[in-house]
Amino acid sequence: MKKINDLPQIFVAAIPVLEKLEEAGFEAYFVGGSIRDLLLKRHIHDIDIASSAYPEEVKRLFPKTIDTGIKHGTVTVLYNGSSYEITTFRTESGYQDFRRPDHVTFVRSLKEDLKRRDFTINALAMNTKGEIVDLFNGLDDLHHHLIKAVGDPLERFHEDALRMMRAVRFMSQLQFDLEEQTEEAIRQLHYLLPKISVERIRDEFVKMGTGPNSRKAFAVFLDTELSEGAPDFAGKKDLLAIYPSLKFDPILESSLWAVIIILLKIANNEIGQFMRDWKNSNAMTSKVEKIVDLFDLLSERAPTDYELFEAGKETLLNTIDVAQILGQPINSEALVDRYMALPIKSSSELVIDGRFLIAAGVNPGPKLGELLTDIKKKVIAGELENSREAITAFLGNEF
Ligand SMILES: Nc1ccn([C@@H]2O[C@H](COP(=O)(O)OP(=O)(O)OP(=O)(O)O)[C@@H](O)[C@H]2O)c(=O)n1
Ligand SMILES: [Mg+2]
């Protein structure tokens, strides 16, 4: 049995919780993604505990608990300043709608619990001594960098169609290959993806698209037809087929969306709808709109200083990133130099505002806004110094 000797602190801190369950006669293990990430020496963001204790039994053992998902067997235990999710060993039944089941059956055996998990690398468990329980050859698959369904892949994907997205997400994130029969099952069941909520599809899609091997994973996403069930992707395979041959894998989520929108040749006034179809936030949508706008501009001509100012540093750098991913030649160094040389980089850096103009005798109204913009443009163009004296003199000449 493989044994981990120096457990990271995040596990060590939780051991008393597992011990308390064991002392009461129950089984308790660390399970799921944290064991996979521990063995891959990846960052461990949270740990999950599985136990033979039923939720009520867990609640009786610990003074502070929260009913996180009692129906699904999950209780959160507050212990020593940390919170731990403890989920009762369970098998899920009644998957008629291809989503997470709405009722689960609690079981007392670890094996029953592990065999309904998605992939062998996610079906590992570890006890308090650091000993790894590997009932489905997950260690071997981890070693061979393989995403392989536990047992019959068709069953696993019928249980939860989101797992098909998780497969390509892990391919990208972990830089793993997809086992043949698991891939074949996705090809057969790809049409089930629309049963899953867009939010959950989006979260996996973004993890795939911003992972280190997204181009390779995207090829499988297209080849298995999984893409056909994603929002606004149906019938767009030809356009999306460029993705696997991009110059780089996107790292930023905003770059991912901008690249997709550019590949799909989505018109500027339709970006909002596309982003809403994917249930993206308004903040992400406006960020992406600005990037695509600037990208379109840069593809045609050099921007003016005022256009660079209006785009702002974040959009400029993000657009350069997108151009590099797409392999679009742009002189990024010169653009950044020009931006850095702008006399002001945001409107708040202008030494005057509307109130200053009113005090200087300008009548309030639409003309005032126009005058302020005019002054800003002149300052940015280097035609007017950003000082009260220079601007006062300029006003004197104007009136
Ligand atoms: N559709 C799903 C989602 C989760 N799981 C199981 O529940 C564990 C925890 O799920 P989750 O936290 O969603 O995923 P992780 O594999 O932990 O990946 P991440 O690092 O993104 O949290 C998984 O490892 C897997 O054993 C599953 O079988 N099927
Ligand atoms: Mg997890």
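Cβ atoms are placed via backbone N, Cα and C, with glycine included.
Together with G33, R36, D160, R163, R166, R169, TrEMBL lists one candidate of R60, R117, R215 for binding CTP, that being R117.
Close contacts with ligand 2, defined as a Cβ under 6 Å from any of its atoms, occur at G33 among the binding-site residues G33, R36, R169. Minimal Cβ crowding within 10 Å, among the binding-site residues D46, D48, D160, is found at D46. Residues G33, R36, R117, D160, R163, R166, R169 are the ones the record ties to ATP, and the longest Cα gap between any two of them is 20 Å. Secondary structure at G33 (CTP binding site), taken from DSSP and collapsed to helix, strand or coil, is helix.
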